[in-house]
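**Student:** Dumping what TrEMBL says about this protein:
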BINDING   534, 536, 541, 751  L-glutamate binding site
DOMAIN    451-807  domain 'Ionotropic glutamate receptor C-terminal'
DOMAIN    458-525  domain 'Ionotropic glutamate receptor L-glutamate and glycine-binding'
SIGNAL    1-29  signal peptide
SITE      683  site 'Crucial to convey clamshell closure to channel opening'
SITE      713  site 'Interaction with the cone snail toxin Con-ikot-ikot'
TRANSMEM  580-598  transmembrane segment
TRANSMEM  650-676  transmembrane segment
């Protein structure tokens, strides 16, 4: 007991001592940190490399005012301004930075641009970046400055040119232009622009329908002489919306060649960047962008200084600040405070800047930059028709447009469609009874199909010459009606590989990239315009192609062979139960006995007719009564004696009525058993335990890569069943149905429409259980196809007019 008390006291003393020591260490650390921040400098020198004397003067005035701005200044701190004028010669600029700014121990440099040339800002970035002195650019917009491997300490209050791609995507979504052609120069900025555009356009959330597709990317070398070949390629494309990143000089060449081909007239849409908007021959109706406050150097100087002051103030509270390097001749060590200051500047957010909300991304590039949306109404008249700005309430960038003020090419006020609508469509189908029947075209028929058929060749890559078939059926009739209703011509062909389409990895050893095959692949890779076949609508396909409204609803069911039934000699007894047969047999003999007794003991039984001959029987004996009862029951006619007494005759009439009911009931039940009986199936449906159990010796299958196959892969609860049946899956439905008939396959799982048709055609087959996985058949089209709306409306009209039935 005493040892426990001593142990407890020792524990309390130990933890108490530990707490005191830990607390003293914390106080010592806090005091040490406080001493470190108290030793931070009170004077901060800021450098400026600016384009004019006015800018230098404004730079110095702003820093003087900053020293009296309490929210941005730590008490006792003072900022000093040191500026030089930008030299067009980058080497001289670098030397001036060393001799006139770094020697003053500047903590950061604000750099503008020269009035001639554009290399000097890079020289400032290289020189200052060597020591990790932060550089804030206020005019340089080249994408090269975003590369932190080269410009390690460069930030900017203007966005790079490539950030205009984000505004383009918002414009395309607003106008609902989902297919475009992208034109860009092959320099760093052009490639950065197209890369950012593609990334932004594919990251539009979950709204698949609003993703912009680039039909073609046309790249050119800067310094164009002509653009004719590329324009010819563009004119043959479907998209009529052109996005162009080009310099002013290259844009003038492109616009001149495009005008010669009437590609700046009505029906075309040109959306260009700021540089191209300054071309002297920019077409009427062009839409471009202008960065707000792009040329307002004073506003950018002001925002840069206050962002920098805020970062130094934040760092001053928690970090030790050392003096910057003071000599370019001595390389020395890297200035770690410069690295820290660079990170603090990136974290700053200046909500009420003179150029709008100022913030930076991880590369130090300006975000939340605002743009004016400009419409060219004449070469000298460029009106702002909207704005891309930061919405404080939504806390994100927002596009606002006044669409009624837009003049489109050709001086139109109505928005162009943005694409060329083809009138001749490449339509694909596939054999699937009863929707599409095919037969080889025989030469003795004169190389022509029947009146209800359409020629549909099979273009297979394994053979040079296509195999010619004739197609007919439900889908072919629907194609004919559609072409008449919405006025298009078509060329029909069969699926090259005979498959509906599966999303699978091709060339596993090379790239491992998933690709579509079959009908879906032809549509995705734009080798076809339409699929008209019993094509099931499902999520996997809808992500890559567009579907019309369903022209038929259906589901999935199971096909199996009817279980064999053995017929016996007593099968005619099946309409009645055994009990009923016993009662009928007993009734015959009971009635016969009662008739005999009634006739035998009746007082009138021995009366004879006056003119009767002497052979007339005196009364009904038991044998005759039994024969009479059976004769009435079997409706065979009464050839023997009949009852003589009134009571026996009444009983005979009652028995005749009973016999009539029994015979009629037997006849009706016999017809039901022999003709209308639905045979029992081996399976009860998809939830049958034998399908779910891997121990059962029951083979089931579907078609590889089909919509049914995708359904099983998608359903978690069917995963065990799918793993069992995956090895048994067939290439085509015809092969599977044939094996069901030949008892090689016990259950084939497929579309209910096809299996019900097969069961109706062959009495050996039967469908099992209820439908599951309900869906519909739709017409497949390319994403953003101009025919989508017309096809869907036609399908709905056909439903209303009862031309086609949904079920």
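Glycine residues also receive a Cβ, built from the backbone N, Cα and C atoms like all the rest.
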**Student:** Are there residues at least 6 beyond the ends of the transmembrane segment (650-676) whose Cβ is under 8 Å from a Cβ of it, and what are they?
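**Tutor:** Here the qualifying positions are 572, 574-576, 584, 587, 591, 594-595, 598, 628-629, 632-635, 642-643.
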**Student:** Using DSSP, what is the helix/strand/coil residue split across the domain 'Ionotropic glutamate receptor L-glutamate and glycine-binding' (458-525)?
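**Tutor:** For that range the per-state counts are 20 helix, 18 strand, 30 coil.
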**Student:** Using a 10 Å cut-off, grab the number of neighbouring Cβ atoms around the Cβ of residue 534 (L-glutamate binding site), all chains included.
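**Tutor:** That number is 24.
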**Student:** Look at each of the recorded positions, 536, 541, 683, 713, 751, and point out the one with the fewest other Cβ atoms around it within 10 Å.
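**Tutor:** Among the recorded positions 536, 541, 683, 713, 751, the lowest count of other Cβ atoms within 10 Å belongs to 713.
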**Student:** To test your reading of the L-glutamate site: which residues beyond 534, 536, 541, 751, same chain only, put their Cβ within 8 Å of the Cβ centroid of those residues?
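**Tutor:** Those within range, site residues removed, are 500, 535, 537, 538, 706, 707, 775, 777.
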**Student:** Limited to the domain 'Ionotropic glutamate receptor L-glutamate and glycine-binding' (458-525), I'd like the whole-number average of pLDDT.
**Tutor:** 85
**Student:** Please report the distance from the Cα of residue 713 (site 'Interaction with the cone snail toxin Con-ikot-ikot') to the Cα of residue 751 (L-glutamate binding site), rounded to the nearest angstrom.
**Tutor:** 16
**Student:** Just report the maximum Cα pair distance in Å for the recorded L-glutamate binders 534, 536, 541, 751, no decimals.
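**Tutor:** Per the listed residues, the maximum Cα distance equals 17 Å.
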**Student:** Sorry to bug you, but what's the C-alpha spacing from residue 683 (site 'Crucial to convey clamshell closure to channel opening') to residue 541 (L-glutamate binding site), rounded to the closest Å?
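**Tutor:** With the alpha carbons as reference points, the distance is 31 Å.
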**Student:** I'm trying to understand the geometry here, so how far is the Cα atom of residue 536 (L-glutamate binding site) from the Cα atom of residue 683 (site 'Crucial to convey clamshell closure to channel opening'), in Å to the nearest whole number?
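**Tutor:** Cα-Cα, rounded: 25 Å.
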**Student:** How many Å lie between the Cα of residue 683 (site 'Crucial to convey clamshell closure to channel opening') and the Cα of residue 751 (L-glutamate binding site)?
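**Tutor:** On Cα coordinates alone, these residues lie 17 Å apart.
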**Student:** Which secondary structure state does DSSP assign to residue 541 (L-glutamate binding site), in the simple three-class scheme?
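**Tutor:** Where residue 541 (L-glutamate binding site) sits, the three-state DSSP reduction gives helix.
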